[in-house]
Amino acid sequence: MIHVISGTGTDVGKTVATAALAARELAQGRAVAIYKPTQTGVEGSEPGDVRNIAAWLDDPGRLSTAEGVRLREPMAPVDAALVAGGQGAVQALPGLDEHCERIRRLAAEYDTVLVEGAGGLLVTLGPEGANIADLASAVDARLVVVTRPDLGTLNHTALTLEAAVNRGFSRGTLLLGSFPDHPTALHCRNLQNLRAQAEHHRWHFAGAIPELRMKGDIKEQLLSAGLSLSILTAGAGS
């Protein structure tokens, strides 16, 4: 089973959501592979998002992590490559077919493959113009859209869901990547409004991941969050 975890933008909680889903799958006895097509904003020696997930989960033997390409600048993939090495670096980015082949190889070996996108749903991955939505469709993945609970989220989420539905994702999962321990009236209203948005598009609303406390038992928090989520398992266009 392949899940593509995308979002309404950057810093919405995609990595935490991916980690929570991985923790759940591992706890249920499944072997899990996490693939990030493009990791931006990290130096060569620094741990990226997928490496952080493995560390949070105490590096279990049934978990594999991989990146497609790594770029230093904290920018969209094509722009980060352009800054790093001009058009030559852009042309060298992995194409859609290459990402799909990597994901399919992982799917043949692991029970669950989690693909964490960069930025939002329509961020371009390479010079051919393909984006995360194209990738999810090409590998017949279950699409998970992560959003945030604060001001501005309703418009961003509505646009993302509309784009997903218009691209053939008649079913999918929406979830909140980080919900505060002490929510304001705004957070609570947005929670209800986001649920309504998902239902309007006949998408599944999986719930909200509690805000991660980095000083606590991260693995236990992620497992608890993952087990609380109900993720749609129907295919991309079903």
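In case you wondered, yes, glycine gets a Cβ from its N, Cα and C as well.
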Further Mg(2+) ligand in TrEMBL, beside Asp59, Glu116, within candidate set Thr15, Thr153, Thr157, Thr160: Thr15
Entries of Glu116, Gly117, Glu211 which, being binding-site residues, have CA atoms within 10 angstroms of Lys36 (active site): Glu116, Gly117
Entry from the binding-site residues list Asp11, Glu211 having the most other CB atoms no farther than 10 A: Glu211
Shortest C-alpha distance to Thr40 (substrate binding site) - which of the binding-site residues Thr15, Asp59, Gly117, Ser178, Glu211: Gly117
